[in-house]
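*Asks:* So TrEMBL says this about it:
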- Asp463, Lys464, Thr465, Glu589, Phe631, Lys655, Arg684, Thr764, Gly765, Asp766, Arg846, Lys852, Asn875, Asp876: ATP binding site (BINDING)
- Asp463, Thr465, Asp872, Asp876: Mg(2+) binding site (BINDING)
- 508-528: compositional bias 'Low complexity' (COMPBIAS)
- 219-353: domain 'P-type ATPase A' (DOMAIN)
- 899-1023: domain 'P-type ATPase C-terminal' (DOMAIN)
- 508-533: region 'Disordered' (REGION)
- 137-159: transmembrane segment (TRANSMEM)
- 171-190: transmembrane segment (TRANSMEM)
- 378-397: transmembrane segment (TRANSMEM)
- 403-423: transmembrane segment (TRANSMEM)
- 933-955: transmembrane segment (TRANSMEM)
- 961-981: transmembrane segment (TRANSMEM)
Amino acid sequence: MGGEPTHFKMADSIPLQPVRNLQKRQEYYPGRQSRYQVEDESSNLDEMPLMMSEEGFENDESDYHTLPRARITQKKRGLGWFVFGGWKLLCTSCCDCLANICRRKKQLKARTVWLGHPEKCEDKYPRNAIKNQKYNLFTFVPGVLYQQFKFFLNLYFLVVSCSQFVPSLKIGYLYTYWAPLAFVMAVTMIREAIDEFRRYQRDEEMNSQLYSKLTIRGKVQVKSSDIQVGDLIIVEKNQRIPADMIFLRTSEKSGACFIRTDQLDGETDWKLRVAVCCTQRLPALGDLFTISAHVYAQKPQMDIHSFEGTFTREDSDPSIHESLGIENTLWASTVVASGTVIGVVIYTGKETRSVMNTSNPKNKVGLLDLELNRLTKALFLALVVLSVVMVALQGFVGPWYRYLFRFILLFSYIIPISLRVNLDMGKAAYGWMIMKDDNIPGTVVRTSTIPEELGRLVYLLTDKTGTLTQNEMVFKRLHLGTVSYGTDTMDEIQSHIIGSYAQGNSSHSYSTGSSAGTTPSSKTATSAPKVRKSVHSRIHEAVKAIALCHNVTPVYESRAGVNGETEYAEADQDFSDENRTYQASSPDEVALVQWTQSVGLTLVSRDLSSMQLKTPGGQILPFIILQVFPFTSESKRMGIIVRDDSSGEITFYMKGADVVMSSIVQYNDWLEEECGNMAREGLRILVVAKKSLTEEQYQDFENRYNQAKLSVHDRSLKVAAVVESLEREMELLCLTGVEDQLQADVRPTLELLRNAGIKIWMLTGDKLETATCIAKSSHLVSRNQDVHIFRPVMNRGEAHLELNAFRRKHDCTLVISGDSLEVCLKYYEHEFVELACQCPAVVCCRCSPTQKAQIVKLLQLHTGKRTCAIGDGGNDVSMIQAADCGIGIEGKEGKQASLAADFSITQFKHIGRLLMVHGRNSYKRSAALGQFVIHRGLIISTMQAIFSSVFYFASVPLYQGFLMVGYATIYTMFPVFSLVLDQDVKPETAILYPELYKDLTKGRSLSFKTFLIWVLISMYQDVDEFAAVFRMEILFGIFPRLANEEHMLMTLCDVVSAPVSTLAILPIESIV
């Protein structure tokens, strides 16, 4: 295009380096490319009204990589930056650098793995152990001390305590300062040690799971943590795969198996895995040790969707070489869904795909702790000012700098060290209350330092599969155009099916004048709408089409042989309905076939060339499979051509999404309307159609189809064109609506969270259509809200156009894929996050585990608000650990997310009470507790200031020894700690009015305003108390007696190093 703008050419040439291949993005929108070509030719980006800056379009190509973050991170770093937090950043960076140097991170390399011979491995590989611990035996003490003394409060008291070793600065007993500090550190270390021990126990539980290891002597039981690279591991059905393996052998006849990967990538579809041909053909398991074979595997990497390797057998002539791809792999954290598999371990521990996609656990600090840390800095500033004032009023006589430091020590109780003790004890009490709440049974507090974070959340990022949904598909609706059947009327369909087959042969019971062998397809297509079929026959045709058009395979459990191997003899298999299970790449397919079974038409067997259905009367209907056109994300439909073995009739069945099927089926006036109605209910819709073919028509199609498959150039396009020649004027049979069963009370829980001011983002690895359906069915998207689907983008120009289109939308939910998100964040990070945060809800589909954690960090960086992540799978661990507050749900497939989370719950609905009741109470109680403890310290410090002022600004302690220690701990412990049990509203009220939670996000319970109010209260009470003491002393004549105590004056003189005449100018009683 000669007239295309220069900056557009520049943008298109930029390597985007996406997480996955960006070529796949256009599969959701087949017509997207033409749309952009038109707009690119007619649009000038510089003339469009933009919210975002376009400065990058005039920059060099090298500037594109740093453009988004430049506006945020390029700040002036002067002395002010260093004083106000820069020093901490520099210290943290230095510590990280030292840690990386000490760790000596091993360089990842490709490897050759010999089957069953771990001892032949050239390098040492990491242990296959799950580890969620923050410390080890050597780093525990320094690590905990660093985490504690990075807070200004603890660092201040460490300096104050160390100053007491200097004789000229000593103003009391050493235990007065060191005992409280040691107690605080002891309590903290004990709490951290308990948390670490609990993490160790949970990790040990996972690492102790037993697996069968194949050796020369037979099978032996081995712990998951003891599995090594090169071991041959046997994994049973529904068992978690412990390490990354190459699939060698299976008990399935086909040499393939299905695995569930929702714990790895969040996708609900089952994945088909194929065993290595060379090892699958071996007669027995023991032959794996008789051959000399090895696997060459690429170096470990994060990409879970690709793998490159080779399998080589050297003892054959010639040597057998077999290429290995992703279809030959069994990644850790996936679950075997069919049969028994045997694999050779190639990656263990930290080198597995699942672990490489998770981040290391970090020490989380609550926002309340940071706010209290800022208040202690303000108190320290006030302390220094007060000390300077006291020395100034003294006249800067003598060694005034020493007096200044002594005053700082005297007033140190303004910053109470007991604050940390009281807060930590309060947090322990909050955790105990959460775990003892009968309304949320099974809840576990795994991190006891951040319960207040539950009361400050603004963004909730949730997984879909297993968190909002149960990943159990349920058939909900069958629509025939004039009549609709729901779950409460399925018995009518069943009676129709029973009646159809009770009349005799099914091919005659529903025939409406068309005959397979005599009637041409075109005549059938034109005559079918004119002959109005009865509901009875329409139901029969629809159910039969659903029972035939799929890729489901029935599986029957096999009996185990003597040596543990599966026997394949037909006599050893049980073909009863109770022993039958269905397998497919999609749970939607299984739900449809299970529904046809429930209404009377059962799929009993299937192989590559045939399938059999069983009628309600027990009659077997054989069908020959002629062609299968599998479902793809690009075509959004699947088809099958079958021949009825009894009548010879050939039928082409097809089902797919309404957006593509509407142009394939015959004209009708109800499809679009009913699809919209079912979509608003959150159902996953499929349109089912059929077309009868004559023998001549099919033979003509088969010849053209086979010729297209043999084409060398543009094979896929030619094959698609031949198939599309059949997809014309098909007879519309029905609509099916399948619902992914939601977790209990998901809808009211999401409504509760929205009313509490929490914005909900759904991050899932599933498909765009599936994620959109769940967002609607769970009411994450309100009925009156629009949904804006962000079109797939591949370069900066397309992202620019889509962001402009999105900017014009108001009050709509954003749905975006992970690949498009990657491009937007590369060029328009700040602008995209700003637009997305204005949406009431956001749905991100096809997200990798790393992208989930990246989104959490972006929200933290750009908004500064508190985030919470909730999930149930291993693919959610990174997101959970990156969030300010991580919540894990104990899922069906494992506890990996639950073990890595700060809080563990059993159901999603429990999050409502966890936040509205316990989070709110924890924050308000800790805020009141912290300010009251500061108030208590201000009282004693103000009395000290008045005392020193009365006695000529002498730096003499008012109270010494155990009195001060007791005042800060035992004497006032119960009144202060009673705030932990404070409750302003009942739990029922907090849940009934979630708007009460919204006020907490503003931080009004603990702010400089409330802090100053507490300071004024402290000063008023101090003056009042000191005046009352003076009145009592005058009343009982205490001061005259003190005036005669000469040692009192001598003590004061010794302290201030001044002559007696300085203090003897006025009698002490005259001071009153």
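Each residue, glycine too, has its Cβ placed from N, Cα and C.
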*Asks:* Around the Cβ of Phe631 (ATP binding site), how many other Cβ atoms lie within 10 Å? Please give the count over every shown protein chain.
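*Replies:* Total other Cβ atoms inside 10 Å, all chains included: 20.
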*Asks:* Using a 10 Å cut-off on Cβ-Cβ distances across all protein chains shown, tell me which of the binding-site residues (Thr465, Asn875) has the largest neighbour count.
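*Replies:* The residue with the densest Cβ neighbourhood is Asn875.
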*Asks:* Restricting to the binding-site residues Asp463, Thr465, Phe631, Arg684, Gly765, Arg846, which ones have a CA within 10 Å of the CA of Asp872 (Mg(2+) binding site)?
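*Replies:* Hits: Asp463, Thr465.
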*Asks:* From the DSSP assignment alone, can you count helix, strand and coil residues within the domain 'P-type ATPase C-terminal' (899-1023)?
*Replies:* 89 helix, 3 strand, 33 coil
*Asks:* In whole Å, note down how far the CA of Arg684 (ATP binding site) lies from the CA of Asp876 (Mg(2+) binding site).
*Replies:* 25
*Asks:* Just going by other Cβ atoms within 10 Å, which of the binding-site residues Asp872, Asp876 has the emptiest spot?
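*Replies:* Least crowded of the binding-site residues Asp872, Asp876, by Cβ count within 10 Å, is Asp872.
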*Asks:* Count the other Cβ atoms sitting within 10 Å of the Cβ of Arg684 (ATP binding site), across every protein chain shown.
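*Replies:* Its Cβ has 22 other Cβ atoms within 10 Å.
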*Asks:* Looking only at the recorded stretches 137-159, 933-955, 961-981, which one has the largest tally of CB-CB distances under 8 Å to the transmembrane segment (403-423)?
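*Replies:* Of the candidates 137-159, 933-955, 961-981, 933-955 scores highest.
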*Asks:* Find the average pLDDT over the domain 'P-type ATPase C-terminal' (899-1023) in the predicted model and report it.
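*Replies:* Averaged over the domain 'P-type ATPase C-terminal' (899-1023), the predicted model reaches a pLDDT of 84.
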*Asks:* Counting across all protein chains present, how many other Cβ atoms fall within 10 Å of the Cβ of Gly765 (ATP binding site)?
*Replies:* 28
*Asks:* When the domain 'P-type ATPase A' (219-353) is classified with DSSP, how many of its residues are helical, how many are strand and how many are coil?
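*Replies:* Grouping H, G, I as helix and E, B as strand yields 19 helix, 52 strand, 64 coil.
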*Asks:* Including all protein chains displayed, how many Cβ atoms other than that of Arg846 (ATP binding site) lie within 10 Å of its Cβ?
*Replies:* 25
*Asks:* Over all pairs in Asp463, Lys464, Thr465, Glu589, Phe631, Lys655, Arg684, Thr764, Gly765, Asp766, Arg846, Lys852, Asn875, Asp876, the listed ATP binding residues, work out the largest Cα-Cα distance in Å.
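*Replies:* Pairwise Cα check on Asp463, Lys464, Thr465, Glu589, Phe631, Lys655, Arg684, Thr764, Gly765, Asp766, Arg846, Lys852, Asn875, Asp876 gives a maximum of 33 Å.
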